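> The structure under discussion is supplied below as structure tokens; questions concerning it will follow.
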Amino acid sequence: MKITVVCVGKIKEKYLTMAIEEYSKRLSRYCKLEIIELADEKTPDNASPAEELQIKKKEGERILKNIKDNAYVIALAIEGKMLSSEELADKMQLLGVNGESHLAFVIGGSLGLDSEVLDRADFKLSFSKMTFPHQVMRTILLEQVYRGFRIMSGEPYHK
């Protein structure tokens, strides 16, 4: 299975980069992982709602250009469906059984995802009703995908 993570924003913190590298290495046993890091738009502190929409639209266009037509798209969104680790593993396994060989997870920038990206998504996944920094979310996502593959393989994982 191929897993693509399309994300807006650069990781600047070394500890997050190290965690992402570690989970990328661990995932290499289970899938072909590609992380596509896209530039984020600068958001003024006092941005109007119209400016925020324009920023999300620009970031959304970049995201959509980097999603392959054959990918099953999972957008990370607060309004999405919350799953347990086991349920995420089941979903990934069922998608694989049903012939989906390419999953693309999408993480938006600080303002979230544009409506066109959400419309393109085959599934909207929420990790929490809380908001997380998008840089931290990348690490959390990779850990959960790794945990999902461990569960699917019947290997032990920390509960």
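Glycine residues also receive a Cβ, built from the backbone N, Cα and C atoms like all the rest.
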> So Swiss-Prot lists GLY108, PHE127, SER128, LYS129, MET130, THR131, PHE132 for S-adenosyl-L-methionine; which of LEU76, LEU94, LEU95 goes with them?
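Of the residues offered, the record points to LEU76.
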> Under DSSP, is LEU76 (S-adenosyl-L-methionine binding site) part of a helix or a strand, or is it coil?
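Assignment for LEU76 (S-adenosyl-L-methionine binding site) reads strand.
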> So, in DSSP terms, is THR131 (S-adenosyl-L-methionine binding site) helix, strand, or coil?
coil
> Which number gives the other C-beta atoms within 10 angstroms of the C-beta of MET130 (S-adenosyl-L-methionine binding site), all protein chains shown included?
7
